[in-house]
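Some notes on the structure that comes next.
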Amino acid sequence: PDPMPLPRFGCGSMGGIQSLALPLGKGPHHVGCTDVMVGHTRQGLFLRLFYPCLPRAGAEQPLWIPRYEYCGGLADFANHSRLWCAPLLSVAIGSCRVPVSWSGPFKPCSSGYPLIIFSHGLGAFRTLYSSVCSELASWGFAVAALEHRDHSASVTYFCTAEAGREEWIPYRQVPQGQKEFYFRNKQVHQRVEECVRALRLFEDVGSGKSVPNILHQDFDLSVLKDSIDLSKVAVMGHSFGGVTAVLALVKEPSFRCAVALDAWMFPLENTLYPEVHKPVLFINTEKFQTPESIAKMKRLSSRNSQTKIITILGSVHQSHTDFTFLIGKLVSRIFGARGTLDPYKGLDITSRAALAFLQRHLNLEEEFDQWDSLLEGIGDSVVPEAPFCRSNL
């Protein structure tokens, strides 16, 4: 495919132009990304890695929706017929690209980049948070965006040992007659296992083990060997991924803190709350949270003064995803993607609050503490805790 030099693409669609203008990272580093799949079974691992890279002229930019099958998965998740919805999505957003360098040359770092393991929300997949992942990478983080295989992704796949054969894992609704809590709780535990497995992958690479990436050979994981600081690892996620990040702190001592974007707290069992000893930054949107969910977050903040809860005004649940940058009636109708806040501003608040929090808890020597006031909910379009004046909360 042609390299796309500009970060703004008009994607033609029936009934008006859809355009996706994903922002370039504002940090000092150029950003590269590549896909990593390890193992030939569903017990392996699949992730998209965003990392600081060296600039390269004419670098190819990856497709935002990596393959047509994901359009079908999104249609299924949105409860629309694949027959009309998948081709429509493909026409509307199938040619959009992410303004990063595909498998661009990794920029070595002797002090090591801190690592963030990122967990997606229900019905999402590894590429739908490209804006926040590439923003963090531009400030000097390696960000591993997982694609979970617990049937919570709108669709995913693994490559079997038989050459060229793929096995697809569809999105699964809560089975009839089963209590949603038990179904989702089992998933959240599987998701955390995958987060821990991702960390082990980077530990293996760091110790010099050869880890074959079965997807493509144009990015050799061994280039990361001395450039990831495994003493500075955080876990982050949106919605179902937000609660995944919280549970990961309980299950894996190496995760030093968590950033939870509009966490869906429902699937976590109550007995685990006393075991969350590490700090969490909850960045909520204005329209999604319930009093029950906020009460669960407050159980954690009452135990740990370093745990912070802030709410971004004018934002909706999808504001943390790339969908918020899609301009066009079709997609907003299908996914309800936009709040009243300018999406670029929303991304700024989210990433700056996250950077200030990560500096504090990963002991980084950067200047991210300039945004510390956001952690107290002080700033334009942000408030501390939850806006309880809202009737729907």
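Glycine is no exception: its Cβ is also placed from the backbone N, Cα and C atoms.
Predicted automatically and left uncurated, TrEMBL annotations should be read as such.
Here is what TrEMBL says about this protein:
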| type | residues | note |
| --- | --- | --- |
| ACT_SITE | SER239 | active site, nucleophile |
| ACT_SITE | ASP262 | active site, charge relay system |
| ACT_SITE | HIS317 | active site, charge relay system |
Alpha-carbon distance [ASP262 (active site, charge relay system); HIS317 (active site, charge relay system)] in Å: 7
SER239 (active site, nucleophile) and ASP262 (active site, charge relay system), Cα-Cα, nearest whole angstrom: 5
Cβ-based isolation winner (fewest other Cβ atoms within 10 Å) among the active-site residues SER239, ASP262, HIS317: HIS317
